[in-house]
Amino acid sequence: MPDAVGAIDQGTTSTRFIVFDRRGTIRAQAQREHEQIFPRPGWVEHDPREIWRNTHAVMREGLARAGLVPGDLAAIGLTNQRETALLWDRRTGEPLHNALVWQDTRTDRTVAALARDGGRDRFRAVTGLPLASYFSASKLAWLLDHVEGARAKAEDGTALFGTIDSWLVWNLTGGPDGGLHVTDVTNASRTQLMSLATLDWDEAMLGVFRIPRAVLPEIVSSSAVLGETRDPFPGVPVGGILGDQQAALFGQTCFAPGEAKNTYGTGCFALMNTGPEPVASTAGLVTTVAYRLDGRPPAYALEGSIAITGALVQWLRDNLGLIGASSEIEGLARSVEDNGGVYVVPAFSGLYAPHWRDDARGLIIGLTRYANKGHIARACLEATAYQTREVLEAMERDSGCPLSELRCDGGMTVNDLLMQFQADILDRPTLRPKVSETTALGAAYAAGLATGFWKTLEDLRDNWAVDKRWHPHIAAEERRALFAGWGRAVERSFGWVEENA
């Protein structure tokens, strides 16, 4: 009898395969990084073939490390970086171009032109999203208009569009030999092409972006048996797909309206479950689908997205050379008592919620001769906490629900200094679960529910437990002064990129 569930966690910088037992405990995992491609300033690409090769490899490695064979897996779930868009040839399986990553801003002009007629919120009532280069629609439009032959192939059904989940499921289930061309409601809700009301592709949105319907995948539930794997090993049910942040919400067992989590990874993302009806945002958040279990109504969510958090640490490592490894940042930040008046605004590709400013760019401000690399490192960590507070305050205004605590997950939660400062600047406790990799866990839960490995949502709640809790300990006046300084720094990042630049 199968006694484990596997989860593919395909992220912005790496791909992992994690094997979970019935208690939601990690039995084994494998991970491989992939190249970040920067052809021009503001352009960010991934090689889809490299991502598939890495997925293939980590699935085999992870299963072997767990001491299991494919028949020991009750199901495989998939979670993925969202919005990242690609086209491939259904006959050969070859991508027509590198994938355009969610951070990519090459379509800023297209988005700005659309916003001139009705503003950035002109499609929010339909899609829940503001106009931004962040989402997939403008990326797909760019591929169709700039890749030779792409539009003709899309119109005759030769080319297929997908976010990364679609690409991987297609390859897992046969590729050119009958692979499934699907995406789940959470990923579809991030394309800016799906109606939140119907959970189907919206004809008006397809018209706006000139997208032929033939190129689009079928939209399916987040937890449902879709088919079986054929590669790298056969016969395991593919039972769940969730965009990475919705997967983390599911893994944190935020199944009731008002429950929220924040994931700290390459970017930072807060989501709150709002129940079976979408809640419109007036505070710069997006309305999205939280998940949909097979045969049930969907659950919706409010989300605030921060583009650069963990990626800022990578930038310190790779571009500035201030640290040799990402794990060194906490020690460097602890070498000073405070930020020394230094603030880092990591608007490398603009600012997301609640500002939505494509014209913002990164800055380091407040420098004096006193400042050193420790202050810069500390300011980089603090930037994550400040941005999180901005998003959570917007979430409270929209939902009318004050948050009593923040459930945290993702790779950066191992940084105790960051977690303590997060509690300090929020003035509320932050909690880290025993299984911090809740993104992969959420995908495993969705797949396991679909196959009956777990019977109910309460089974999943019973697995959740606190590993560590941080309580705020700074004075109110210090908190106010720190956050006011952040606000001044953010304002100075606006307007750096001119529309005709």
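Cβ atoms here come from the backbone N, Cα and C positions, even for glycine.
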Which single residue out of G310, G362, G366 does Swiss-Prot record at the ADP site shared with T12, R16, T266, G411, N415? G310
Suppose a student reads Swiss-Prot and sees R82, E83, D244, Q245 listed for glycerol. Which of Y134, Y264, Y291 should they find annotated at that same site? Y134
Should one count Cβ atoms within 10 Å of each candidate's Cβ, the binding-site residues R16, R82 would be headed by R82
For ATP, residues beyond T12, T13, S14, T266, G310, Q314, G411 with C-beta within 8 angstroms of the site's Cβ centre include exactly G11, G265, A311
For G310 (ATP binding site), identify the closest of the binding-site residues E83, D244, Q245, N415, judging by Cα separation. N415
Specify the nearest of the binding-site residues E83, D244, N415 to T266 (ATP binding site), where nearness means the distance between Cα atoms. D244
Apart from the site residues R82, E83, Y134, D244, Q245, the 8 Å Cβ neighbourhood of the glycerol centroid comprises Q81, T84, W102, R190, G243, G267, F269, S305
